Amino acid sequence: MNTSITARELFDQQRDKLALRWVAGQKGEHREIQAGSNNARRPSLAGYLNVIYPNKVQILGTEELAWLDSLDARQRWETIEKIIQVQPLALAISKNQSCPEDLRAAADESNTPLWISPKRGHELLNHLSYHLARTLAPRVTLHGVFMEIYSIGVLITGEAGSGKSELALELLSRGHRLVADDAPEFTQIAPDVLDGTCPELLQDLLEVRGLGVLNVRDMFGDTAVKKNKYLRLIVHLTRPMTEPTPSGYERLTGDSGSRHVLDLDVPLITLPVMPGRNLAVLTEAATRLHILRTKGIDPAAMFIARHSNLLERRTP
């Protein structure tokens with residue numbers, strides 16, 4: 001999924017938090033950063049003024065403005081031209097410092113957004129860097145029901161009619177929490193972290209065949225819904241009639257594997273859907289088993305080791 005952010009969107013999203021004022025270059029509100037547009041030669045999306053390897057959002061603190069003031073007229077104008085020529089998304093001045101008139105004029109002439117904030121430079125840097133990195137991070141929408149089960153994020157997947165929503169409803173009645181139904185969005189916010197959220201349109205809603213759309217918050221209370229959760233496990237529901245009979249080894253270890261999501265391999269456990277099986281209990285057990293495995297505890301491996309030791313002792 002391609003993502004981008006314009007200068008206007010960034011300003012509106014951070015205006016209240018950073019008390020931003022737009023003082024010049026208002027016509028540049030449509031300047032845009034696209035996901036994946038950064039390259040190895042650029043230090044970061046947002047950073048202190050860097051003329052050699054410019055950031056997309058250039059922050060001018062006390063030292064940066066003092067450095068500009070220390071230049072002679074020719075050097076100062078050449079430096080301002082370099083800042084403007086690379087077309088940054090925006091320039092941001094910290095601590096409500098006065099904006100130099102030549103910088104303001106250059107920003108207006110080139111339609112370069114110029115903002116002023118009462119926040120200190122490092123506060124601007126931290127907020128803008130985090131917000132841009134999260135907004136432009138790789139993201140994908142997966143079909144399924146995303147829930148918090150025993151404090152970890154579990155995505156329930158399967159074919160249409162496999163019982164995902166009914167399973168989610170049963171898990172909700174057992175005290176677990178819903179993050180998103182049908183189309184959870186996952187963002188890779190770190191090399192090994194996928195953060196799952198719910199689209200605004202589907203917030204708090206769960207669709208169950210025969211019942212229609214249910215408002216989980218109204219039915220089960222505020223504690224039954226969760227704003228976001230890191231994806232740690234996928235439970236896939238499958239119809240065994242179309243699958244081969246599990247081998248003896250699979251009967252010991254279960255049908256487990258992984259699914260590639262963005263740049264990560266997420267652990268996956270497959271549960272056959274058959275009459276009489278309590279899928280809610282099985283899903284809870286699968287989640288507990290995953291938690292044990294992350295701690296290095298594997299019951300199947302323990303059994304195989306015991307069996308091997310027993311055979312060795314009985315071998316003459």
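For all residues, glycine too, the Cβ spot is worked out from N, Cα and C.
Counting Cβ atoms from all protein chains shown, His143 (active site) has 13 others lying within 10 Å of its own Cβ. Annotation source Swiss-Prot lists active site at His143 (among others), citing sequence analysis.
Marked as active site by Swiss-Prot: Lys164 (among others). Using a 10 Å radius centred on the Cβ of Lys164 (active site) and all shown protein chains, the other Cβ atoms total 26. DSSP assigns Lys164 (active site) to a helix in the three-state reduction.
According to Swiss-Prot, the feature active site, proton acceptor maps to Asp182, an assignment based on sequence analysis. Cβ neighbours within 10 Å of Asp182 (active site, proton acceptor), excluding its own Cβ and spanning all shown chains: 18.
Here Swiss-Prot flags Arg251 (among others) as active site, drawing on sequence analysis.
Annotation source Swiss-Prot lists ATP binding site at Gly158, Glu159, Ala160, Gly161, Ser162, Gly163, Lys164, Ser165, citing sequence analysis.
Spatially close to Ser165 (ATP binding site) yet at least six residues away along the chain are Val145, Asp181, Leu206, Glu207, Val208, Arg209, judged by Cβ distances under 8 angstroms. Among the features that Swiss-Prot reports, Mg(2+) binding site is placed at Ser165, Glu207.
Under DSSP, the residues of the region 'Important for the catalytic mechanism of dephosphorylation' (272-277) split into helix, strand and coil as follows: 0 helix, 1 strand, 5 coil. Among the features that Swiss-Prot reports, region 'Important for the catalytic mechanism of dephosphorylation' is placed at 272-277.
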Cα-to-Cα gap, Glu159 (ATP binding site) vs His143 (active site), nearest whole Å: 9
- request: Sorry to bug you, but what's the C-alpha spacing from Asp182 (active site, proton acceptor) to Lys164 (active site), rounded to the closest Å?
  value: 9
Field: Least buried by Cβ count (within 10 Å) of the binding-site residues Gly158, Gly161, Gly163
entry: Gly161
Message: I'd like to confirm something. Which of the recorded positions, Ala160, Gly163, Asp182, has a Cα closest to the Cα of His143 (active site)?
response: Asp182
- prompt: Using the Cβ centroid of Gly158, Glu159, Ala160, Gly161, Ser162, Gly163, Lys164, Ser165 as the reference point for the ATP site, which residues of the same chain not in that list have Cβ within 8 Å?
  reply: Leu237, Val273
Query: What three-state secondary structure does DSSP assign to His143 (active site)?
result: coil
